[in-house]
Amino acid sequence: MSTGHAHKLYRHGESPVHRLPPHCKIAAALCFVLVVVSTPREAVWAFGLYALLLGAVAAAARVPAGFVLRRLVIEIPFVAFALLMPFLVPGERTEWLGISLSVPGLWGAWNILAKGTLGVATSVLLASTTELRSLLLGLQRLKLPPLMVQIASFMIRYGDVITDEMRRMSIARRSRGFEARGVRHWGVLAKSAGALFIRSYERGERVHLAMVSRGYTGTMPVIDEVTASRAQWAYAAALPFSALAVCLLGWTL
Amino acid sequence: MHVPDGFIDIPVSAAAGVVAAGAVAVSLRGARRELAGAGGHGGERTAPLAGLVAAFVFAVQMLNFPVAAGTSGHLLGGALAAILVGPYTGVLCISVVLLLQGVLFADGGLTALGVNILLMGVVTVVVAYTLFRALVRVLPKKRRSVTIATFIAALVSVPASAVAFTLLYAIGGTTDVPIGTVLGAMTGVHILIGIGEAAITAATVGAVLAVRPDLVHGARGLSAPLKLRVDGELVDARPEAAPAPAASPRPVLFAGLVISLILAGFVSFYASANPDGLERVAADKGIDKKVEDHAAADSPLTDYGVGTIENARVSGGLAGVIGVGATLVVGTGVFVVVRRRRGETAEAEQESVRG
Amino acid sequence: MTSLPPPAAVPPSLDVRGLAYAYPDGHQALFGVDLTVERGERVGLLGPNGAGKTTLVLHLNGILAGGAGTVAVAGLPVGKQHMAEIRRKVGIVFQDPDDQLFMPTVREDVAFGPAAAGLRGEELEKRVRTALDLVGMTEYLDRPPHHLSFGQRRRVAVATVLAMEPEILVLDEPSSNLDPASRRELADILRSLDVTVLMVTHDLPYALELCPRSVILSEGVIAADGRTQDLLADPDLMHAHRLELPFGFDPRAVTTGA
């Protein structure tokens with residue numbers, strides 16, 4: 001419901017994955033991550049297979065590997081934490097290149113790295129093939145309570161408004177010689193935050209009034225029906241089901 | 001503090017998910033009451049206000065501080081949401097933010113959504129709002145009191161959330177990092193973050209209170225008696241009201257700012273990833289599409305990278321040692337100062353803080 | 001030149017009686033407004049800043065309520081039980097088209113109102129085309145609104161409201177920020193429509209051009225009601241309500257084609 005432009009993570013394309021109805025994609029992504037997380041960490045090969053599955057999805061969506069990898073960087077804070085684990089966790093130690101590492105720590109690090117990375121990659125793929133507005137429609141179809149869909153729509157709408165106001169205020173500040181550098185300018189920024197809030201609200205309020213005046217009652221009217229065919233559901237379900245097979249193998253082997 | 005997939009084990013994640021779902025369900029009911037409480041046309045405005053609060057929280061949650069032996073730390077926004085739109089709608093706002101962050105930006109795992117909602121939505125909102133209500137009841141019925149109560153509520157809500165995280169981690173962490181280390185690092189850094197959170201929350205609430213008091217849920221009880229008591233002066237009350245609240249967050253902010261100044265070197269050590277605060281960060285994470293030059297100059301991910309290299313360096317060497325001691329002392333100091341300031345006049349206190 | 005008196009059986013498009021309203025913060029904006037607009041009339045609502053024009057407009061479709069007095073649209077009282085019907089009947093075009101246009105394409109934006117009223121498929125598509133035809137914007141159907149010029153956006157904004165087939169069209173400062181050509185195009189469109197129009201404006205020549213009758217809202221009450229030309233030609237009245245004609249403009253010298 002933002003003014004039409006797609007979000008930054010979205011990558012325009014015409015692939016079969018792009019064309020899938022959003023609610024199928026969200027459900028598939030959620031199930032896939034659920035399966036991944038419930039896989040025992042000792043089944044190292046299973047995670048390799050999951051990565052291959054995601055690679056296949058990326059290929060089908062024609063999302064280049066570099067695009068996904070660059071967006072994985074968001075995970076780095078957790079990587080840092082994971083890398084610390086082998087040093088901090090007590091328990092059985094092992095030697096590697098002369099450094100003493102904890103075995104449970106290594107397993108823990110691997111667990112977080114593997115599952116976290118796969119989770120992030122899944123989200124990145126979902127976001128890069130689904131427009132913001134269809135994501136919301138998808139969530140609505142998946143029976144997210146209407147009030148929450150409404151808050152989410154307004155949030156996205158206000159994202160634009162806030163950005164816009166923020167830019168104007170920043171220009172106004174800078175043209176009076178103010179540059180924010182670090183903590184010392186928190187006070188100014190905090191005050192700006194208050195002003196920003198009111199300005200954004202009053203602008204957004206007018207948008208809302210215009211919507212209400214045209215009969216908006218809390219849910220977006222359906223202009224183009226999005227329905228998922230059985231084939232589309234089956235196509236979307238391919239990912240979590242193959243993952244489930246891998247997971248079951250992981251538990252039994 | 002966004003917990004990723006595979007961080008907390010499945011049973012605890014599932015349990016947290018159930019609790020979070022319950023909290024959201026209760027909030028949905030409560031939010032309807034809050035809407036009704038707004039009355040008449042007010043009800044129609046509450047959804048956009050909630051949306052704005054969500055967008056705002058989204059923005060402030062991007063102030064990412066690397067936390068030594070934990071995940072990343074940032075402003076939480078729970079107090080802001082609770083006070084502006086009420087606790088129930090507040091929980092919904094934060095839940096929506098977390099949901100979209102998980103789906104859209106891969107920030108916080110999808111399977112950890114319950115954990116995240118519980119920690120950052122429910123705990124912060126409940127703690128902040130309870131404290132806020134209690135303080136507003138105790139303090140004199142003035143606008144300034146609302147601002148002060150906001151400051152303290154926001155300040156406490158952040159470490160409370162950190163403690164809750166540690167608790168969950170102790171029960172369901174997939175790896176046994178010593179709990180003391182986690183608790184120390186998390187609480188220490190989050191007290192610091194709490195100061196920033198308190199300043200921004202108090203400034204925002206103060207500013208809104210000054211211009212559009214009808215938008216502040218937490219001040220609703222306040223405006224009614226005010227009107228009744230100064231019945232004859234109602235016409236005068238408006239022009240007079242404007243300058244007073246504009247000044248009201250100043251003393252509190254000033255204290256926060258002075259402390260921040262003292263801490264500047266220390267904090268910037270942590271916060272170096274995002275030096276120019278809110279606007280830069282929002283530009284970075286893709287809320288911003290129009291500030292192209294800004295976004296191009298330093299992409300979001302480079303920034304994250306910087307932050308985490310910093311993080312790796314900090315954590316590799318110090319592992320939160322500084323965090324625990326120094327921030328606990330300073331944080332408690334601020335807390336005590338702010339507490340003590342409540343009844344007294346602002347000017348006198350500014351002196352005491354300076355001196 | 002003047003509209004014919006309508007047959008008594010048709011209720012007036014708009015009937016406002018004794019409307020008073022104070023905002024929750026205590027600021028009172030309306031102090032008893034009485035205004036009747038017959039079906040098919042085009043009426044200018046003139047008044048200085050802060051006279052309560054916007055407040056009055058927001059009462060017409062029930063966004064604001066709770067004060068004293070009544071508002072009726074085509075005989076239907078504005079109130080909770082008919083809200084959806086009222087909002088369909090009263091089409092408000094807000095001042096800033098950017099506030100009004102929030103969907104990704106012109107088509108979806110125009111479809112928003114009728115879709116909210118429950119129209120689907122073929123019927124919805126027809127409504128959208130008819131409305132865009134009326135404002136001459138059919139060829140921009142699939143363009144994002146924010147890529148249009150300001151004048152085009154304002155015309156699309158009018159179309160979004162026309163698609164709801166309203167009883168009365170309420171325009172808030174329709175000529176603001178328009179260049180002379182767009183201004184004339186919009187005037188032509190408005191004149192061609194067969195609908196009751198209430199036009200809120202500071203632009204007195206525009207009111208004179210389009211509205212045979214005008215009312216002046218000042219300090220929360222209707223201070224004057226009459227032929228637009230007569231009102232504008234009364235310097236004392238104009239001065240008393242902070243209304244000023246553009247330099248060199250003489251309302252008596254203009255022959256209105258309205």
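Cβ atoms here come from the backbone N, Cα and C positions, even for glycine.
Looking at the domain 'PDGLE' (B:251-340) alone, the prediction's average pLDDT is 33. Under the heading domain 'PDGLE', TrEMBL lists B:251-340.
The transmembrane segment annotation in TrEMBL covers B:7-28 (among others). Within the chain carrying the transmembrane segment (B:7-28), a Cβ under 8 angstroms from the stretch's Cβ atoms is held by residues 71, 87-89, 91-92, 95, 109, 111-115, 117-118, 121-122, 168-169, 171-174, all 6 or more beyond its ends.
TrEMBL lists B:48-67 (among others) with the feature transmembrane segment.
The transmembrane segment feature in TrEMBL is assigned to B:79-100 (among others). Listed by sequence, the residues of this chain that lie at least six past the ends of the transmembrane segment (B:79-100) yet keep a Cβ under 8 A from its Cβ atoms are 2, 20, 23-24, 26-31, 33-35, 37, 46, 49-50, 53-54, 56-58, 60-61, 108, 113, 116-117, 120-122, 124-126, 128-129, 132, 150, 153-154, 157, 197-198, 200-201, 204-205, 208, 215-218.
According to TrEMBL, the transmembrane segment annotation covers B:112-136 (among others).
Annotated transmembrane segment per TrEMBL: B:148-171 (among others), in sequence order.
The feature transmembrane segment is assigned by TrEMBL to B:191-211 (among others).
What TrEMBL records for B:252-271 (among others) is transmembrane segment.
Positions annotated as transmembrane segment by TrEMBL: B:318-338 (among others).
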Legend entry - Remote residues contacting the transmembrane segment (B:112-136) - C-beta distance under 8 A, at least 6 residues beyond either end: 1-5, 7-8, 12-14, 16-21, 23-24, 76-79, 81-83, 87, 90-91, 94-95, 98-99, 102, 145-146, 148-150, 152-154, 156-158, 160-161, 164-165, 168, 218, 221-222
